[in-house]
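Chemist: Before I ask anything, here is the structure I am working with.
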Amino acid sequence: MKILIADDHALFREGVIHILQGLDENVISIESSNVEQTLNTVSENDDLDLLLIDLYMPGQNGFDALEILTKSHPALPIVVLSASNNPQDMRKSIEMGAMGFIRKDSTGNVMLNALQLVLAGEIYTPSQMMNTGNEQAHHLTQRQLEVLQLMEQGCANKIIAGELSISEATVKMHIGAIFRELKVSNRTQAVLLALEKNILCR
């Protein structure tokens, strides 16, 4: 397993590398310290299994980098590591395609559990930062919303894959994640719930 840790603080990266040994004893950790280096490192390592990234590093805006990465490498799970306790940062990260948002003050066990969840195809967000309103929060990534929109149009997996320039296997992965997030078991239920909750608009 190969994981890229993108953060401008060397001491923090060292701590994360130590924690990652609990994820896989054979994990290969590589590092970057700014946005430009991160983008280049991802491009040079097409066998990455996971990217852990801080939104606030020197260089380009972290959200811009996140958008670039989720579009150029849609199959790469990305988890944001942040000192921010602003729910807006978390929601924006998930909406832009991150599979997780981990607070930097989390324990090592919390980080490991979150990363295992993400590697299993789930989305992780801290419970204390979730939407506390009456409306249930649905944290679908931008790519999942695109898949869901094409599902609403009645497109088969092969058509969705062609429209989004991704593989059918990736489409199936996104659909599975959509089902789990919306707590449904089929396409019809997913589309009806998405329309009812205004996740999709006709």
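Residue numbers in this text run from 1 along the chain shown.
Placed from the backbone N, Cα and C atoms, the Cβ positions cover glycine too.
Just so you know, TrEMBL annotations never went through curation; they're auto-generated.
Quantities reported herein were computed from a predicted structural model and do not represent experimental measurements.
Here's the feature list from TrEMBL:
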DOMAIN    2-119  domain 'Response regulatory'
DOMAIN    133-198  domain 'HTH luxR-type'
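Help me see these features in their spatial surroundings.
Modeler: Under DSSP, the residues of the domain 'HTH luxR-type' (133-198) split into helix, strand and coil as follows: 44 helix, 0 strand, 22 coil.
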Chemist: Taking every residue in the domain 'HTH luxR-type' (133-198), what is their average pLDDT?
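Modeler: Overall, the domain 'HTH luxR-type' (133-198) comes to a mean pLDDT of 85.
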